[in-house]
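Report on the following structure.
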């Protein structure tokens, strides 16, 4: 070392002619000193390599000279202590010198590659390419979930029968029409208080099978018709068996269906005794048959809890678990809860254990059920809301039915009740009851890859337009033999949303308040494209309250919309209670 120059015995004859490497940095290093040092080292290395090749100096001598130069720079710049500097340069010198010898880069290009653009120019995007096969890239498609709910097959449906009658359910052979009015039931279904003939259910399943393949299916119950005054256990089980086998037939052996128990599966309807009720009054007759019919879809452990309480959990894919809840244990109409309504069947406590285990494993969870949690008993609904808050990072989706309408309910951070953290999707029914088109839902969720969110990316609603399918409105004489199920809407496109995250739905609710045109569009789609009149004033405030209140006892949530001063909650109570 000689002053500010690195000098070796080799360099004394050569350095002044070909290169110098200056260490002129003060004791307090400048911000760019490391960069300057790197530039100098690269120049020295490049020149020494070229010179060594030209004058045939020994390779070992060149390597040792470079190692000394780099080590000295490391020490001078205080990049590490002397021992580390010497050993690291010794470790890397052979590979690095060989790479420099074989490189075609100019010193400034090498510097730019290793240090950055401030010390030279190297275009990392310089034109070179690999050869790809001519096979086109397969389409990137997120998993698609077929969602069926509220089928309500009526064995007694008869085309040409009275569409208007005095009974709770019409379009049946014994339906009595008022003498002053006679409207006939259509071949494929009817806009009235009517359920569906089996041919319409089969036609739906045939069409959805052709529209697939589906990654899996969620089916959230309500199989029988609304003739609740004349049902028997034998009839209920027969209809459960017929529909379960039809779904299995059309979906095929490679598509798994995850069912949930509806409130109409039992008889009397809504009667679901908790597990402490034994003997003939228990609901084992129903759960055991479900376990038998659904055994092709569910593993034995899931069938065990299904037989116990009508709920279960299954791993859908690595990283995704489905939990099917029996929402009849939260239903106000289940009179058995008058005996004991404290967490019937310990279902919510079981849910917490499942969610905690999933959180520990890094799994995401989809929850399916029939009755939306916002329509449950207050205490049950409150606890469920609390669970959703605690496990918001694990619960990736909530999917329900029951209302027959296309809607949703929101969940907010309990701390402030302002930050949206969850959405319960409520899908439209297959049945026409009441005054609707038949319909079904398709969900698209984030895909099967490591770290997937499993969130809903989009959803579509399909309908069978009965006016077109039955040809002549109200007539069974000229039905369409192969009716077309058509896309009614896609959520992101219909409402101009970039995604379907909770924050998007929260913003959509505010849009409903400020833009009645958008709200009336939602009202139309909510009824599967068949409404008789718009929703105004009390109707609108009550519905907005329902959508925002994922907890039954939280109607006050309506008033968190700015500027309503208690009016929304007041209107909602009048509308909903």
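Yeah, the Cβs are placed from backbone N, Cα and C, and that goes for glycine too.
What TrEMBL lists as disulfide bond is 74-85 (among others). For residue 85 (disulfide bond), the number of other Cβ atoms no farther than 10 Å from its own Cβ, over all displayed protein chains, is 20.
The feature domain 'Calcineurin-like phosphoesterase' is assigned by TrEMBL to 144-404.
Classification of residue 150 (Zn(2+) 1 binding site) by DSSP places it in coil, neither helical nor stranded. Residues or ranges marked as Zn(2+) 1 binding site in TrEMBL: 150, 152, 222, 404.
Within the same chain, residues at least six positions away from residue 170 (disulfide bond) with a Cβ under 8 Å of its Cβ are 161, 162, 163, 164, 185, 190, 192, 193, 194. Taken from TrEMBL, the feature disulfide bond applies to 165-170 (among others).
Cβ-based neighbour count (10 Å, all protein chains) for residue 194 (disulfide bond) stands at 30. Annotation comment: TrEMBL describes 171-194 (among others) as disulfide bond.
The Zn(2+) 2 binding site annotation in TrEMBL covers 222, 263, 370, 402. In this view, residue 263 (Zn(2+) 2 binding site) is surrounded by 20 other Cβ atoms within 10 Å of its Cβ, with every protein chain counted. In the three-state DSSP classification, residue 263 (Zn(2+) 2 binding site) falls within coil.
Reduced to three states, the DSSP call for residue 330 (disulfide bond) is helix. Marked as disulfide bond by TrEMBL: 330-376 (among others).
Residues annotated as domain 'Sphingomyelin phosphodiesterase C-terminal' in TrEMBL: 424-547.
Taken from TrEMBL, the feature disulfide bond covers 535-539 (among others). Long-range Cβ neighbours of residue 535 (disulfide bond) (same chain, at least 6 residues apart, Cβ-Cβ under 8 Å): 519, 520, 523, 543. DSSP assigns residue 535 (disulfide bond) to coil in the three-state reduction, placing it in neither a helix nor a strand.
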Disulfide-bonded residues (165, 330, 376, 539), the one with most neighbouring Cβ atoms at 10 Å: 330
Under 8 Å by Cβ from residue 150 (Zn(2+) 1 binding site), counting only residues of that chain that are 6 or more apart: 220, 221, 222, 262, 401, 402, 404, 429, 430, 431, 433
Nearest of the binding-site residues (152, 263, 370) to residue 85 (disulfide bond), judged by Cα-Cα distance: 370
Least surrounded among the disulfide-bonded residues, given as 74, 171, when other CB atoms within 10 Å are counted: 74
Cα-Cα distance linking residue 330 (disulfide bond) and residue 263 (Zn(2+) 2 binding site), given in Å to the nearest integer: 11
Three-class DSSP secondary structure - residue 370 (Zn(2+) 2 binding site): coil
